[in-house]
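*Asks:* Please find one structure pasted underneath; my questions will follow.
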Amino acid sequence: MIDLSTRWPSPAKLNLFLYINGRTENGYHELQTLFQFVDHGDELTIQANDSGEITISPEIEGVPLKDNLIWKAATALQRFANCSYGAHIDLHKILPMGGGIGGGSSNAATALVALNYLWQTNLSDDELAEIGLALGADVPVFVRGFSAFAEGVGEKLSPAHPDEKWYLVVRPNVSIATADIFGHPDLTRNTPKRDLETLLNTPSVNDCEKIVRMLYPEVDKQLSWLLQYAPSRLTGTGSCVFAEFSSKSEAETILAQLSDKVSAFVAQGRNISPLKETLAEYQSASHRPI
């Protein structure tokens with residue numbers, strides 16, 4: 001066990017496009033989507049110990065410990081690896097919950113990757129992704145740490161290298177239930193499947209966007225405003241929307257025009273996750289037990 005206090009990023013992600021191609025017999029939606037990380041997110045400070053207990057601070061209001069995805073990830077790793085170590089985890093939370101940018105899934109993946117290193121359980125990315133999939137469909141993307149083209153019901157991942165553009169990400173003050181969007185009778189479910197090269201050279205669309213804009217006027221209003229300045233769309237099922245720019249200064253110029261009451265940030269796309277880069281830094285710095 002490595003008992004140093006270590007800091008780990010928990011980055012946000014964007015769905016640069018999202019197409020719904022059909023439905024499986026058991027009701028899941030078949031889709032094609034492109035995940036890219038951004039250099040903005042939460043941070044976990046983790047101190048491994050031999051208590052066997054997982055403690056997290058501060059508590060997330062309205063979320064009992066055993067419903068916290070970080071706790072679920074840590075205890076799932078303990079069980080999978082038959083590990084008796086524990087940890088105290090401090091969460092610095094800046095990503096919104098339920099925003100479509102992967103906040104909870106990213107937290108779970110960061111816990112898995114960090115504790116696998118600190119506890120020296122030596123599980124592979126495939127094994128960590130298997131644990132993560134039981135926690136949430138997006139967790140494996142964060143575990144693997146590369147931008148990915150996802151197909152099927154989201155389980156088929158292949159590396160992708162979209163341009164690392166600058167993004168202005170805005171969160172309208174609404175909470176959107178994914179089930180409500182995927183269950184809506186008017187949702188497009190028959191977009192033809194295309195290969196990644198074709199999709200990268202086609203204007204990007206999110207098939208959920210039309211329904212979300214219809215049901216949530218705040219999202220529609222924010223997207224209409226962003227579209228005046230740059231290509232913009234919904235990420236996931238929302239509520240976050242984003243505009244893409246070729247430079248940081250362009251994105252920050254538009255950010256400055258937003259009301260102080262609007263939650264927003266500027267970030268750059270990253271095809272290698274900041275989490276993966278941090279793991280490599282710790283591994284190369286010879287943080288080893290004495």
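Just so you know, glycine gets a Cβ as well, placed from its N, Cα and C.
Below are the features listed in Swiss-Prot for this protein:
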- Lys13: active site (ACT_SITE)
- Pro96, Met97, Gly98, Gly99, Gly100, Ile101, Gly102, Gly103, Gly104, Ser105, Ser106: ATP binding site (BINDING)
- Asp138: active site (ACT_SITE)
*Asks:* Between Gly98, Gly100, Gly102, which of the binding-site residues has its C-beta surrounded by the fewest other C-beta atoms within 10 Å?
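*Replies:* Result for the binding-site residues Gly98, Gly100, Gly102: minimum number of other Cβ atoms within 10 Å at Gly98.
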*Asks:* Can you tell me which binding-site residues out of Pro96, Gly98, Gly102, Ser106 are within 10 A of Asp138 (active site) by Cα, answering none if there aren't any?
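*Replies:* So the list is Gly102, Ser106.
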*Asks:* Beyond Pro96, Met97, Gly98, Gly99, Gly100, Ile101, Gly102, Gly103, Gly104, Ser105, Ser106, what residues of that chain have CB atoms within 8 A of the centre of the ATP site's CB atoms?
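*Replies:* Everything else in range on the chain: Ala12, Leu95.
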*Asks:* At the level of the C-alpha atoms, what whole-angstrom distance separates Lys13 (active site) and Gly102 (ATP binding site)?
*Replies:* 6
*Asks:* If H, G and I count as helix, E and B as strand, and all else as coil, what does DSSP give for Lys13 (active site)?
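*Replies:* The residue in question, Lys13 (active site), is strand (DSSP, three-state).
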*Asks:* List the same-chain residues at least 6 positions away in sequence whose Cβ sits under 8 Å from the Cβ of Gly104 (ATP binding site), in sequence order, or say none.
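*Replies:* Spatial neighbours, sequence-distant, of Gly104 (ATP binding site): Leu69, Met97, Gly136.
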*Asks:* List, in sequence order, the same-chain residues at least six positions removed whose CB sits under 8 Å from that of Pro96 (ATP binding site)?
*Replies:* Gly103, Arg171, Cys240, Ser263
